[in-house]
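Please read the structure below before turning to the comments.
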Amino acid sequence: MAREEQALLSTEIVNRGVEPSGPDAGSPTFSVRVRRRLPDFLQSVNLKYVRLGYHYLISHGVYLATIPVIVLVCGAELGTLTRDELWDKVWGEATYDLATVLAFLAVLAFTISVYIMSRPRPVYLIDFACYKPADELKVSKAEFIDLARKSGKFDEDSLAFQSRLLAKSGIGDESYMPRCVFEPNANCATMKEGRAEASTAMFAALDELFDKCRVRPKDVGVLVVNCSLFNPTPSLSAMIVNHYKMRGNILSYNLGGMGCSAGVIAVDLARDMLQASGAGLAVVVSTEAVSFTWYPGKRRSMLIPNAFFRAGCAAVLLSNRRRDFHRAKYQLEHVVRTHKGADDRAFRSVYQEEDEQRIKGLSISRDLLEVGGHALKTNITTLGPLVLPFSEQLLFFAGVLFRHLFPSKASSAAAATPGDASAAYIPDFKRAFEHFCMHAASRDVLEHLQSNLGLRDADLEASRAALHRFGNTSSSSIWYELAYLEAKGRVRRGDRVWQLAFGSGFKCNSAVWRAVRRVRRPSRSPWLDCVDQYPARMDA
C-alpha cells in the first residue's frame, strides 16, 4: 500500500530565492513540493470494465455476428450444387401457388417491418452554438487580482494564493467573468444576479442556434438544461419555455448539481427521450452561473474555483428524424457514463459546503486528481472495446489478461523495465478518433491526460485553446473545443470526435460523434476573431 501511495505522488524542487533575514540571511533557499498526480490508469485496468465494454459491443452487434454465419451456411449448402441443379430445385421440382407466395411475402414484410421499428433511430446533431459574452466582461489575470483586491473580500494571503493558481492555470487574459462578483461588500450569489447571468447566456446561445438551424422554438419536443450550482424556482428550463413561448406538451428537464460532466449526461437524456417519445427535435443547454461558484472567504480548497471557472454556455440541437440526416453535422455513436459516487472520497472530492465563517463555497479536495484518474480508467476501459480497431483491442486485452492471470510476472516485468511500453500495452486511441475534446479543467489535468493516453500536442490543441481563451466553462467547455475544430476547418466526413468530461459525484462521461459530412468553417462562431492566432497564442 505504501508503494502504491508513493507512486501517486510527484515531487518538485521550488527555488524560494534568497533568505532576507535570520541566521541564513543571504543564502539561497529551496523547498520540496509534494503533490498527488493522476494515476497511470492504463497500467492497471480492471478486467470487469473490459468485460462490460465487450458486453455492450456484443449486445449491439448481434446482427453483425449472426448474419455472416447464416450467409456462410447458405453459401456452403448452395456451393455443392451446380447451376443446372439449382435451377431444377427452384423451378423444376418446386411447386408454387398464389397463397404460398402471398404468405411468404407477408411474413417477409412483417419481419422487415418489426426489425426496422425495433431498431433505435439514429440521433443527429444538426448544429450547436456557443455563447460569447460582451467584451466589457473580459478580465485579464492581472485585472482579476486587482479587482479582487479592490472588492475588499480577500486578505493578502488569499490573493497571493489565487494569483499563483492563475499563473499556472493555462487561462489567458481574455476570459469572461460577471462583474458583480467584484463589487465591494456585496453578495453576488443572489437570485436576481443568478437569473440575470443565466438568462443572458442561455438566450444568446439559443437565439443563435434557432437562427442558424432555421427552427422555431415551438418545433422543439424535448428540452434539457443543465446548470450545476444555480437552481431557481421556476427552473432554468421553465425560464426558456416562458421566454420562447414553447408548446405546452414539451418534455422539459432541468439537471442540477451534476458538475462539469453534465453536458454529456444531458445529451444522453435527450437521446433517450427522443427514442422513447418520438418527439423529433431536442435542445440541450449546458451552462454554469459563475456568480454562484464565487467564494469570498479564506479556505484555500474553496478558492480554487475562483481562479478557474469562467462564464460560458452552449446550446445543441438534436434530431432523430431521418430527413434531418442531410443537414446534420454529426451522428451520435456512443455514450459511456461512469459514476464513482459509492466511494466516500470520490463523493466528497468536489463538495459544496460552508466554511468556518458559514460562507458557502465549492470545495476541491486534494484527492481530486487521484479520484478522477480512477473514474477515467473505468470509463475509457469500458469505451475501448466499442471504438478501438480489432488489432488494438487484441493487444490491449491480451496485456490485461496476462496481468490478471500472472500478476507476479507482470509486476516484476514492470519493475525491471519501468516506463517500457512492453510492460503494459497502452491502446492507441488516435487510431479510434481523429479529434479529441477533453474537458478543459486546468493545464495540469490536460498534461496528465496527454501523458497517460499517449496523445500528441496536436490532439489536445482544442482543449488547451479553449482553456486559454475562455477558461474552464464547466459543462459547456467540450462544445467550445468542438467549435474550435470547426473554425479551423479540420472536421471531415467520417471523422470521429471523442468528448470526455468529468465532474462532481464523482463522474466521468464520454460521448462519441461521427461527422456525417465535411463541416465547413462556420460563419458564426466564438472563435472567428481569434482562431488564426492559435495555437501560437498559447505559448506567448
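Heads up, residue numbers simply count up from 1 along the chain you see.
Just so it is clear, glycine is given a Cβ too, placed from its N, Cα and C backbone atoms.
Here TrEMBL flags C260 (among others) as active site.
For H339 (active site), the same-chain residues 6+ apart in sequence whose C-beta sits under 8 angstroms from its C-beta are G505, F506, K507. Residues or ranges marked as active site by TrEMBL: H339 (among others).
As annotated by TrEMBL, active site applies to H435 (among others). Same-chain residues at least 6 positions away in sequence with a Cβ under 8 Å from that of H435 (active site) are, in sequence order, A462, L482, L485, R490, V491, D495, R496, V497, W498.
Neighbour list (H439 (active site), Cβ cut-off 8 Å, at least 6 residues apart, same chain): C260, S261, V445, S463, S477, I478, L500, A501, F502, G503. What TrEMBL lists as active site is H439 (among others).
Annotated active site per TrEMBL: H468 (among others), in sequence order.
Residues near N472 (active site) in space but far in sequence (CB under 8 A, at least 6 apart, same chain), listed by position: I171, C260, F308, F309, R310, A440, A441, S442. Summarising the annotation, TrEMBL assigns active site to N472 (among others).
For 115-403, the entry in TrEMBL reads domain 'FAE'.
The domain 'Beta-ketoacyl-[acyl-carrier-protein] synthase III C-terminal' annotation in TrEMBL covers 434-514.
Annotation comment: TrEMBL describes 56-78 (among others) as transmembrane segment.
Feature annotation from TrEMBL assigns transmembrane segment to 98-117 (among others).
Annotation source TrEMBL lists transmembrane segment at 250-270 (among others).
All chains included, 27 other C-beta atoms sit within 10 angstroms of the C-beta of C260 (active site).
Each residue in the domain 'Beta-ketoacyl-[acyl-carrier-protein] synthase III C-terminal' (434-514) gets a DSSP state, and the totals come to 38 helix, 21 strand, 22 coil. Per-residue pLDDT, averaged over the domain 'FAE' (115-403), rounds to 91.
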